[in-house]
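Quick look at what TrEMBL lists:
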COILED    179-268  coiled coil
DOMAIN    23-77  domain 'RING-type'
DOMAIN    115-157  domain 'B box-type'
DOMAIN    265-323  domain 'COS'
Amino acid sequence: MDFQASILRDGSPMESLEKQLLCPICLEMFSKPVVILPCQHNLCRKCANDVFQAANSYWQSRGSVVSGGRFRCPSCRHEVLLDRHGVYGLQRNLLVENIIDIYKQEFSSRPLKKGEHPMCKEHEDERINIYCVTCEVPTCSMCKVFGAHKDCEVAPLQSIFQGQKSELNNCISMLVAGNDRIQTIISQLEDSCRSTEENSEAAKRELCARFDAFAALLEEKKTELLGRITREQEDKTGFVQSLIHKYKEQLEKSSRLVETAIQAMEETGGATFLMNAKQLIKTIVEASKGGRLEKIEQGYESMDAFSVSLEHLADAVRALDFEPDEEDEYYDEVEEETEE
């Protein structure tokens, strides 16, 4: 194994060194590495023994009378012939062992995982330590070598863990941005509600001021028109209040989803995180694509339609209404009478 050449090719020497110290079977740092002759590739002794026994089911133990066996190197597919000692007849790579010891003492900075490490259901003694890219599930190295994932593409658990954690972080940012937009809409709706009320009050004051000059004659009509303004106000504010309630409900649901996602982000265990991350990401994406709530049109809060002019004859007051067409017809009749 040419460590120096590999280190010089990569940008980070420590990252390159760590990659060179990973077993191609279990994708973890070598444990008692051995040299597989004649191709010079390395495997953990346990992993080499698992591969050897799988290829030589007749071979029982070190003391077996069966004379040796063979299997293919998982790195280069070179056929390796073993004597009657099997894997235990291979020479240990003491150089690699010493490098691993130094690496662990000086450069290992991985945080301790919380709780027990998840174990494989199919192989109870095996930890879940790799990720099946094909099936999109965490699994163990034995499943990759002999089990359901032997024909699948796999990757180190840590790389997938970091990738999906980054994806979930982006989803949280998307949700937070969406919540900001919802809060802005709520504020606009509340402003619209206040403006509707203010404009309604202004329309009432204007109407009262104009009717005061004709107090006795216009009292009945004033009450009728005030009632119409009030009903319009109640209809508009009621509709806006219902929209505010709906947006607040959506904001509350989205906020709870943000809290759930943040709690998931605090999980440092790759396998435990990945068991829930995919569904959580899917839920967040679906929530962000949810139905759009109804909005009010521009000028919805305006009450200009209830403005009236009292500059006309008292005889026409009882026929006064908000309808502009009827008002225009009256003005035309008055103008004709004046001309005559």
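Along the chain as shown, the residues are counted starting at 1.
Using N, Cα and C of the backbone, Cβ positions are placed for all residues, glycine too.
Note that TrEMBL annotation is computational and uncurated.
Taken together, the residues of the domain 'RING-type' (23-77) have an average pLDDT of 75. Residue counts for the domain 'B box-type' (115-157) under DSSP, helix first, then strand, then coil, are 6 helix, 11 strand, 26 coil.
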